[in-house]
Amino acid sequence: MSEDIIDRSLELGIQCFQGEDYKGAAELFSKSLQLARSYTDRSLEGIREKVGLPKRCLHDPSRVYHPRYLVLLDNRAATWEKLNKLDRALADAAYMITVDAYNLKGYIRRGKVLQKLGRYEEALQVYENGLKQAGEAEKTHAIHAPQKFLDIVYRQRSTIKELLQSRARSSRSLTQQTVAKEPKLKRPATIDSLMPGKKRSSSKAKIDYIATLPVEIIERIMANMDTRSIIRCYSVCKLWKYRLERLPHLYQEFRLSCCYKNMLGYVNFVGALASRTAEYSCRSIQCVSGNVQEEEKSIILLLSRLMIGTRQLALMAKKCKAERIIQHICENKKLRNGVQRLSITAPVHFGHKLNLHELYTRTTSMTHLELVLNFHTPSEHVGGHLFPWQDHAVAETNLESFTLMARNYSVHHVNVIEQFEYSSVLFKRLKKLCITGIDFRLGDRNNLKWISDMPNLQELWLERNTGIEFHELITQIVQVGAPKTLRHLTFREPPNRHFDRMDQSQLGLGEEALREVFQSLESLDLMNTRFDPQLLLLLLQPACENRIARLNIGNCPRLSFARDLEILTLIFQQLPALTDLLLPNVMEYTRQGMEVLRKNIKGMKLKRLDLSFIPSLKGYELLDLLKELKGINPLGLETLTINGCTAVAPQTVDYITRNGYAQKVMCAYERTQWEHLGINSFWYR
């Protein structure tokens, strides 16, 4: 229990430090240190052994400390530095070396504090001692210091040496000047022969490089400038304006912030370029929310007065409504005709005014659309009606990719759901569809027929949507027999969904029908989804021609690593072409489940493995698995991810990388929170 208190206090202290509450952080770290010192030696030995550390300190077997003691000291020393209490920081840094003389953290902390105090000779000696101890640890105990710590020590040592040498040279030079100093005659002021009575300026005349340099050199200068710098240069004088306007091919990518003054300068700048070059257009324009007070009028200014086309337009707003953004895009002929990739991140206040029909009709060149919408809760007095799609002719679009993300649930979802009734026309060419956070219970689209109306769909991503069930999706696709080109399927249910007991036998899915529609499947992601394991086995069998290269079955409530060992064996045997296996937070993890994976890993081509958030995963179990894999592939894994695996010690991670079991290991013990919404993050970071 007290271990949990120490970890919790450490986490709270870090939060206080990040929130700049340094006094609160120092107090929390001090209390945690006091608690860590309250253990008996026998208790500390048990705790250290539990996390994979030696019972006693390697550098001094007579000492034993809590595993978190060094981290707590380091954090408190950093806090003292922020509070400008360098003497206390120095004391904590010195004690860090006493706690673990083989860890370079203490030497780095102590050296930097000494540098702040101006005691450079002592700091240099500290860094030298740290490198000496690191060498001894490697020679005696085969412990390799992390490369990033070695780089810091070498860099700081080099900096101090250069500083001391510079001081020595300056001191010698000053001494020589003092000894050899002689009186010198002052040079009389030079009189300019062309300007009688006026002294010639000793300083060099300033040169206007933009006015004098060749165009080729100006191009190289301007090519390395950001949008803000370009606009400022454009406003310097008429000559600069004249020369910059004649280089339109340089200005292809713009990143703007919502400052009205800067936005006005940008609009005038591209307007001048367009007036000189009729066919001028740029590659991309990205506008991010800066000044919230000026955001709406800045975005409206951009969309209404922009006189050029752009192939890619990304707008991120916190206040400006998506309804107005879409309206102004549709009204700007130059903009709507040229945009191919459109991304809008904005709030929605009135869903019935979100005129997607007009957007599809007018942006005829658009192939990629991304909508990230924050739906506001409607007021009771606001009356809105669905946009009458049936009253308008629905034109065929060129969309190849469509992403629809809702940050919150709302009755306004019905206004974006209705478009899927016309999937056979709107999304006939669609290859990638991503929908997350939508409540499909509000409309009539929860029968999923609209998905089978997209014959060219290759990638389908459905995450945290309400009103859509996984078994219903599979049944619909199989019954209709479309889409047959599906290569990537991701289905993740919302959290806290009701438990679904639907079994595969109740679906009536035949193996031949499954093979017909899922024979091209290359990746399958069912994280956090409740499904009958037999259904997963059926989905993998059609891909027996070794197409499945990526599988994510982490956090699946009905797939147990304790009770479903036979099914797991069959699943892993169906994956001979697998390169990416993701098993974060697997249900009911047991050693027997890991043994099933180890025995069947020989039949895979594994390059990347994710075993994050399995607290009971032991280091020796992981090593047994990696040794089995290295017997097949001498190069080992490209990437091993074990975030949140608290039972795997840092020494084990170091051993894995040192012996080539994995080229890159991602291991962060602090990542203990699932993320609310993250389409490419597996819900945690």
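Quick reminder: no glycine exception, Cβ is built from N, Cα and C everywhere.
Some features that Swiss-Prot has for this protein:
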- 6-39: repeat 'TPR 1' (REPEAT)
- 70-103: repeat 'TPR 2' (REPEAT)
- 104-137: repeat 'TPR 3' (REPEAT)
- 207-254: domain 'F-box' (DOMAIN)
- 300-323: repeat 'LRR 1' (REPEAT)
- 353-377: repeat 'LRR 2' (REPEAT)
- 454-480: repeat 'LRR 3' (REPEAT)
- 499-517: repeat 'LRR 4' (REPEAT)
- 518-542: repeat 'LRR 5' (REPEAT)
- 562-585: repeat 'LRR 6' (REPEAT)
- 598-622: repeat 'LRR 7' (REPEAT)
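Long-range neighbours of the repeat 'TPR 2' (70-103) within the same chain, counting only residues 6 or more positions beyond its ends whose Cβ lies under 8 Å from a Cβ of the stretch, are 6, 10, 13-14, 17, 22-23, 25-26, 29-30, 32-33, 36, 57-60, 63, 109-110, 113-114, 116-117, 133-134, 136-137, 141, 143, 145.
Beyond the ends of the repeat 'LRR 1' (300-323), by six or more residues, the same chain brings 256, 258, 260, 263-264, 266-267, 270-271, 273-274, 280-289, 292, 329, 331-332, 334-335, 337-350, 353-355, 371, 373 to within a C-beta distance below 8 angstroms of the stretch. Remote same-chain residues near the repeat 'LRR 6' (562-585) are listed as 523, 525, 527, 533-534, 536-537, 540-541, 543-544, 546-555, 592-593, 596-597, 599-601, 603-614, 641, 682, 684 (criterion: CB distance under 8 Å, separation of at least six residues from the stretch ends).
Model confidence over the repeat 'LRR 4' (499-517) stands at 62, taken as the mean pLDDT rounded to a whole number.
Assigned with DSSP, the residues of the repeat 'LRR 5' (518-542) fall into helix, strand and coil as follows: 11 helix, 3 strand, 11 coil.
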